[in-house]
Amino acid sequence: QWLSDRKKRALQKKDVDIRRRIELIQDFEMPTVSTKIKVSRDGQYIMAVGTYKPRVRCFDTYQLSQKFERCLDSEVVTFEILSDDYSKIVFLECGRFVEFHSQHGHYYKTRIPKFGRDFSYHYPSCDLYFVGASSEVYRLNLEQGRFLNSLQTEASESNVCDINPVHFLFAMGTAEGKVECWDPRTRNRVGLLDCALSSVTADTEIEGLPSISALKFDGALNMSVGTSTGQVLLYDLRSSNPLIVKDHHYGLPIKSIQFQHHLDLIISADSRIIKMWNKDTGKIFTSMEPEHEINDVCLYPNSGMLMTANEAPKMNIYYIPVLGPAPKWCSFLDNLTEELEENPESTVYDDYKFVTRKDLENLGLAHLIGSSLLRAYMHGFFMDIRLYHKAKMMANPFAYEEYRREKIRQKIEETRAQRVQLKKLPKVNKELALKLIEEEGEEQQISRKRKQKNLPSLLKDDRFKVMFENPDFQVDEQSEEFRLLNPLVSKISEKRKRKLKMLEELEAQGQEEEEEPEGKASDAESSESSDDEKGWVEEVRKQRKLLRQEEKLKRQERLKEDQQTLLKPQFFEIKEGEEFRSFKDSAKKQKLMKKTLEDRLKLEEKLGTLNVSDTTVGSKQATFKLKKSEQQRKQQEAEKQHRQERKTLRRSASHLKSRRGRGRLFH
């Protein structure tokens with residue numbers, strides 16, 4: 001009540017039970033206590049009376065909210081809605097007052113001679129019958145506006161009364177445990193039932209004389225009576241003996257009786273429990289025990305909804321789909337109950353413990369199987385929790401010591417959890433993992449400032465899990481591609497290497513305190529980013545020079561190795577179809593066949609048949625010359641020989657011509 005709307009909304013987010021509650025009618029409550037609750041005949045209005053201060057509240061079901069509230073001079077004992085809506089209401093108050101209200105508010109107020117306890121309205125004659133602390137039944141005619149002659153009864157006091165809706169027989173329950181029936185037309189008593197004697201059975205234990213505390217007609221022939229000792233009796237008006245007697249077993253007076261015609265049920269309530277039972281067999285259908293004491297129960301007509309007035313501010317509303325459909329103004333309840341049936345929740349048994357057959361053997365209770373102390377359920381049994389605790393104490397007397405050790409262990413784990421824990425890096429790609437952790441921390445700081453959602457980490461993503469577990473995915477920082485693509489890694493990785501060393505030392509020592517390595521602030525890093533961009537080109541050039549120098553050194557080492565190697569004499573067999581030129585060629589061929597592709601390419605690069613060069617992106621570019629086949633080589637040699645022969649022939653021909661010319665001149 002004292003919580004603000006904002007705090008209520010916050011509480012609804014945290015508490016699941018509060019979130020599941022449905023506020024069907026807004027502010028459906030009284031300041032302190034509600035005493036009576038009724039529904040108008042048209043079903044649109046629900047009226048309730050309560051304290052403190054004495055008041056009546058009317059709730060409009062079409063609007064699901066309160067329509068009006070009127071305060072009264074004294075507390076209301078009971079009230080009746082005479083019209084189909086709220087336009088005509090009669091209140092019986094504590095101070096012997098009878099107050100009439102119309103649509104606009106208070107209309108008229110009068111008094112009766114004795115304190116009243118209940119009243120009923122006789123529609124054919126417009127008479128109000130009042131019963132109370134007197135032997136007389138007072139009649140007030142609303143058409144004439146005056147009191148009529150009272151009905152003289154044998155009772156000292158009367159508690160309740162009711163009028164049959166079919167033949168308008170008037171019945172009243174007395175303090176002596178009797179029910180007197182009167183005919184309003186002749187104003188004579190036509191019947192007398194001794195309910196106190198009939199309520200006493202062999203199973204019931206009664207202290208004192210039972211008086212009548214509740215009375216209700218059902219149709220033309222049935223009548224139900226409730227006693228102050230907690231029994232409900234169902235009568236047929238043609239018989240003086242009850243058809244059935246139902247005991248609530250609480251010894252509390254019955255406060256309300258309702259009939260549910262859809263399933264032939266009687267709904268009886270005392271201050272502690274509401275019971276629903278079959279009027280033919282007396283078999284219990286269900287029962288409800290609210291948290292607070294019950295003052296009145298109202299069944300919404302032609303539905304499965306129950307409303308209760310309690311000794312608490314909140315008036316409860318119950319909906320039982322089996323009893324009937326939801327009213328028109330809250331038809332959405334049917335959909336909600338269907339959803340709940342589709343997703344049933346597991347029942348929690350507070351007073352019972354579920355045990356298996358093995359548990360029973362360990363406790364030494366296997367002999368109880370088949371007795372009433374164990375209830376078979378699924379693959380085990382339910383047993384009383386008290387019996388379970390006793391058996392466990394006898395079977396294991398040192399259970400307290402185990403419990404104590406477990407509690408101590410939990411406390412130690414809680415204190416350990418509060419300490420700073422080390423960041424465990426993966427075995428593969430430690431530097432990459434550290435880099436991702438640093439970037440994640442920076443992104444979290446930025447997102448907090450900008451109030452954005454954090455992106456998921458690669459370390460926690462299952463798709464990249466193998467990259468930090470499989471050594472085949474280890475990043476080789478000494479490779480040419482890595483150095484050319486990441487020229488600034490060498491500078492940045494120095495900080496990470498320091499961090500890695502510190503973390504490895506802490507893990508080796510097994511310390512529980514984490515010493516975070518110092519790092520530069522985000523402002524310093526942002527200022528250095530521009531310098532890094534400018535020095536990127538210079539760094540690439542340096543890396544290229546270093547790679548070329550390394551290549552030259554490797555070539556020189558390989559040449560030295562080749563020169564130092566001595567060839568041992570070996571015998572080779574020439575294959576068919578091959579010409580033997582020299583031992584060097586065959587040896588070279590076999591040596592080349594044994595070498596890897598990488599070594600063969602490097603040899604061809606030395607010979608000049610292959611040229612490998614680096615591109616600007618960091619990849620390799622290879623150009624090569626194809627070797628000529630044996631047939632092509634022979635053809636080229638023949639062509640070359642033919643050219644030489646032709647040259648010699650031309651020279652000899654030219655020489656002969658010159659000699660002939662000289663001889664002619666000489667002649």
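Just so it is clear, glycine is given a Cβ too, placed from its N, Cα and C backbone atoms.
According to TrEMBL, the protein carries these features:
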{"type": "COMPBIAS", "residues": "507-517", "note": "compositional bias 'Acidic residues'"}
{"type": "COMPBIAS", "residues": "627-642", "note": "compositional bias 'Basic and acidic residues'"}
{"type": "COMPBIAS", "residues": "643-667", "note": "compositional bias 'Basic residues'"}
{"type": "DOMAIN", "residues": "1-343", "note": "domain 'Nucleolar protein 10-like N-terminal'"}
{"type": "DOMAIN", "residues": "348-396", "note": "domain 'Nucleolar protein 10-like second'"}
{"type": "DOMAIN", "residues": "461-487", "note": "domain 'NUC153'"}
{"type": "REGION", "residues": "507-536", "note": "region 'Disordered'"}
{"type": "REGION", "residues": "614-667", "note": "region 'Disordered'"}
*Could you put numbers on the helix, strand and coil content of the domain 'NUC153' (461-487), residue by residue per DSSP?*
15 helix, 0 strand, 12 coil
_Is it possible to list how many residues within the domain 'Nucleolar protein 10-like second' (348-396) are helical, extended or coil according to DSSP?_
21 helix, 14 strand, 14 coil
*Over the domain 'Nucleolar protein 10-like N-terminal' (1-343), work out the mean pLDDT and round it to an integer.*
89
